[in-house]
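Quick look at what Swiss-Prot annotates:
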- 38-241: domain 'Tyr recombinase' (DOMAIN)
- R73: active site (ACT_SITE)
- K105: active site (ACT_SITE)
- H193: active site (ACT_SITE)
- R196: active site (ACT_SITE)
- H219: active site (ACT_SITE)
- Y228: active site, O-(3'-phospho-DNA)-tyrosine intermediate (ACT_SITE)
Amino acid sequence: MQHLPAPIHHARDAVQLPVAIDYPAALALRQMSMVHDELPKYLLAPEVSALLHYVPDLRRKMLLATLWNTGARINEALALTRGDFSLTPPYPFVQLATLKQRTEKAARTAGRMPAGQQTHRLVPLSDSWYVSQLQTMVATLKIPMERRNKRTGRTEKARIWEVTDRTVRTWIGEAVAAAAADGVTFSVPVTPHTFRHSYAMHMLYAGIPLKVLQSLMGHKSISSTEVYTKVFALDVAARHRVQFSMPESDAVTMLKNRHA
């Protein structure tokens with residue numbers, strides 16, 4: 001059984017990557033970063049696309065694609081409704097409420113803290129395939145804007161994915177197993193949060209400024225975002241190909257001439 005990067009490496013001249021990177025070099029740099037347990041574990045774009053290939057169910061595939069295209073935390077993605085998406089050209093986007101802010105809203109509902117303005121972040125949806133597939137899913141599965149809560153009897157905004165975090169982990173596990181059965185394996189463990197890390201690294205490879213990425217990720221502190229640059233710095237340094245050596249005899253001649 002071979003790892004996914006091997007066949008892609010051999011076919012790299014014929015494959016168009018979504019972001020222009022030296023894929024074999026990026027793989028090598030990721031393997032280097034995995035030595036440090038504190039650094040994020042992420043997949044590269046070809047690996048994510050390959051994983052999605054093994055998710056035939058449209059609803060499941062689009063949840064994982066949403067994590068990949070938005071960098072959302074799993075609870076943020078599971079809270080999404082149709083109204084959170086604006087798919088109108090030329091700038092489709094999704095509105096996400098961050099983990100901390102959603103927790104505060106729940107606390108206010110329980111009467112434990114005063115109400116305040118709930119902050120959301122807007123994440124552009126720049127991938128046309130993703131937007132098209134999302135529209136197809138909504139139309140095909142007839143996902144409603146609202147539905148009646150059977151427990152309370154109230155009409156509420158309908159969540160697109162009425163599942164739990166554990167269910168999503170099961171979906172991912174099934175996809176990884178299906179890939180392995182087909183001879184495709186992944187170098188890092190895949191969890192819902194892996195897609196968030198993968199989004200961040202993909203955006204850095206695409207040249208997105210760090211402060212912009214901080215906003216897209218919903219990080220309160222820039223230090224949370226800077227962890228990705230610790231990995232990305234390896235790529236930057238490698239691409240510059242900084243040399244340290246020169247012919248020793250030439251160096252000696254230079255120094256002698258300096259004193260001539």
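Placed from the backbone N, Cα and C atoms, the Cβ positions cover glycine too.
Structural mapping of features recorded in Swiss-Prot.
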{"residue": "H193", "record": "active site", "Cβ contacts under 8 Å, 6 or more apart": "R73, I74"}
{"residue": "R196", "record": "active site", "Cβ contacts under 8 Å, 6 or more apart": "L67, G71, A72, R73, M217"}
{"residue": "H219", "record": "active site", "Cβ contacts under 8 Å, 6 or more apart": "T225"}
{"residue": "Y228", "record": "active site, O-(3'-phospho-DNA)-tyrosine intermediate", "Cβ contacts under 8 Å, 6 or more apart": "P40, H197, A200, M201, L204, L213"}
Problem - Packing count at R73 (active site) (other Cβ atoms within 10 Å of its Cβ) - result: 21
Problem - Segment-level pLDDT (mean, integer) for the domain 'Tyr recombinase' (38-241) - result: 88
Practice task
Sort R73 (active site) into helix, strand or coil using the DSSP assignment.
Solution key: coil
